[in-house]
Amino acid sequence: MTTDTTGTAARDDEPRPGGPADSPFVRACRRRPVPHTPVWFMRQAGRSLPEYREIRANVAMLESCRRPDLVTEITLQPVRRHGVDAAILFSDIVVPVAAAGVDLDIVPGTGPVVAEPVRTAADVERIRPIGRDDVDYVDEAVRLLVKELGDTPLIGFAGAPFTLASYLVEGGPSRTHAKTKALMYGEPELWHALAGRLAEVTLAFLRVQIEAGVSAVQLFDSWAGALSEADYRRFVLPHSTKVLSGLADTGVPRIHFGVGTAELLGAMGEAGADVVGVDWRTPLDVATRRIGPERAVQGNLDPTLLMAPWPVVETEVRRILEQGRAAPGHVFNLGHGVLPETDPEVLTRVVALVHELSVRPVDQG
Ligand code: CP3
């Protein structure tokens with residue numbers, strides 16, 4: 001299977017040399033030697049790119065996620081423009097939840113909005129398990145992309161149970177997650193039923209992407225940083241573990257990311273991640289001490305810093321690469337997603353700078 005070009009070679013112990021499963025990105029995830037530090041950006045496919053705004057001009061967000069031709073084009077745009085080391089599937093964390101029967105929309109400038117927020121056991125029961133046929137457009141888009149991308153790896157992704165539950169319970173984005181926490185603390189059984197159901201949906205969704213050929217997956221628990229470590233371990237970790245550990249047999253590297261998670265980095269690694277994403281608040285050498293030597297790290301340039309004068313950006317990139325050397329593997333990224341007002345030229349320069357500063361001879365062993 002090592003000559004396989006479908007990307008499923010990621011499951012091999014010995015991937016095809018130079019193929020996506022042997023790319024600098026996948027090698028860094030696996031803590032193997034790399035020719036340069038790989039770099040990609042969360043939300044690289046999106047509103048910072050004029051070509052994205054053009055193609056999305058008259059198409060609603062959820063509809064664009066369900067059109068494999070658009071998904072393919074939008075996913076490829078940042079790869080062409082910036083020369084990043086990985087593509088991330090253009091989609092959204094609520095896509096599988098919508099496929100599971102939840103009535104929702106993605107409102108421009110706001111984010112996901114749920115028609116009938118989840119409040120009761122009957123609401124949880126209405127979230128159906130999903131299979132490949134419920135998200136056939138994702139399966140098709142991944143297959144098209146794997147062909148188009150050649151040796152560039154494609155990252156699949158999903159939202160983690162806590163972050164998904166927050167949108168479903170609040171009905172939309174929330175700063176405090178107050179309703180979600182009220183349900184968690186006040187009705188723990190209902191909470192675990194909801195998070196358990198979302199873990200099943202997420203696991204099935206990631207398995208569809210892996211079957212179709214993605215080279216790695218990222219589980220976004222963007223809002224987990226709202227919790228203390230003790231509450232995270234009690235209410236969230238078992239469900240995120242069901243997702244990440246449930247993918248162990250696939251051999252595909254698993255990245256786990258959240259914002260404001262300095263106190264949770266160790267626990268998030270324990271959920272079954274090969275790579276832990278770190279936001280800009282925690283230096284990567286400090287993060288590595290918390291995460292341990294068994295996992296690589298990803299991060300962690302502050303996305304607002306891309307608006308600073310170039311010498312400031314350059315100094316920060318150098319610092320992050322330096323601190324990233326403390327980790328057994330480092331994937332360069334931002335500490336959260338690209339902001340829409342970012343000048344795309346700066347992103348291209350960051351990619352070139354990361355490559356230039358980190359280039360090193362590599363023993364391919
Ligand atoms: O990273 C990528 O380039 C892939 C695409 C991607 C999108 N959403 C596209 C998108 C990814 C990985 C996501 C994940 C996602 N969606 C997360 C986790 C990552 C994170 O940022 O923490 C979350 C929390 C969501 C929910 C969501 N969807 C939000 C908060 C928003 C932004 C609302 C807004 O308009 O400002 C969305 C909409 C969304 N998802 C857009 C894009 C490109 C913007 C919609 C548009 O272009 O009209």
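Here the Cβ of each residue, glycine as well, is placed from N, Cα and C on the backbone.
Copied over from TrEMBL:
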BINDING   R43, Q44, A45, G46, R47, D92, Y167, S222, H336  substrate binding site
DOMAIN    38-47  domain 'Uroporphyrinogen decarboxylase (URO-D)'
DOMAIN    155-171  domain 'Uroporphyrinogen decarboxylase (URO-D)'
REGION    1-27  region 'Disordered'
SITE      D92  site 'Transition state stabilizer'
Per the Cβ filter (under 8 Å) with a sequence gap of at least 6 from its ends, the domain 'Uroporphyrinogen decarboxylase (URO-D)' (155-171) is approached by 40, 86-89, 91, 93-94, 96-97, 102, 104, 111-114, 117-119, 142, 177-180, 183, 191, 194-196, 198-199, 202, 205-206, 209-210, 214-224, 227, 235-236, 239-240, 243, 255-256, 258
Considering only the binding-site residues R43, A45, R47, Y167, which possess a Cβ situated under 6 angstroms from at least one atom of ligand 1?
-> R43, A45, R47
Winner by Cβ contact number (other Cβ atoms within 10 Å) across the binding-site residues R43, R47, Y167, H336 | Y167
Counting every protein chain shown, other Cβ atoms within 10 Å of the Cβ of D92 (site 'Transition state stabilizer') number 17
One should report the C-alpha separation between Y167 (substrate binding site) and D92 (site 'Transition state stabilizer'), rounded to whole angstrom, as 12
Fill in the CA-CA distance, R47 (substrate binding site) to D92 (site 'Transition state stabilizer'), as an integer in Å.
-> 14
Sorry to bug you, but what's the C-alpha spacing from D92 (site 'Transition state stabilizer') to A45 (substrate binding site), rounded to the closest Å?
-> 11
Quick one: pull the CA-CA distance for H336 (substrate binding site) versus D92 (site 'Transition state stabilizer'), whole Å only.
-> 15
D92 (site 'Transition state stabilizer') and R43 (substrate binding site), distance between Cα atoms, whole Å = 10
Y167 (substrate binding site) -> DSSP, reduced to three states, gives helix
Looking only at the domain 'Uroporphyrinogen decarboxylase (URO-D)' (155-171), what is the mean pLDDT?
-> 98
Record-annotated substrate contacts R43, Q44, A45, G46, R47, D92, Y167, S222, H336; largest Cα to Cα distance in whole Å is 22
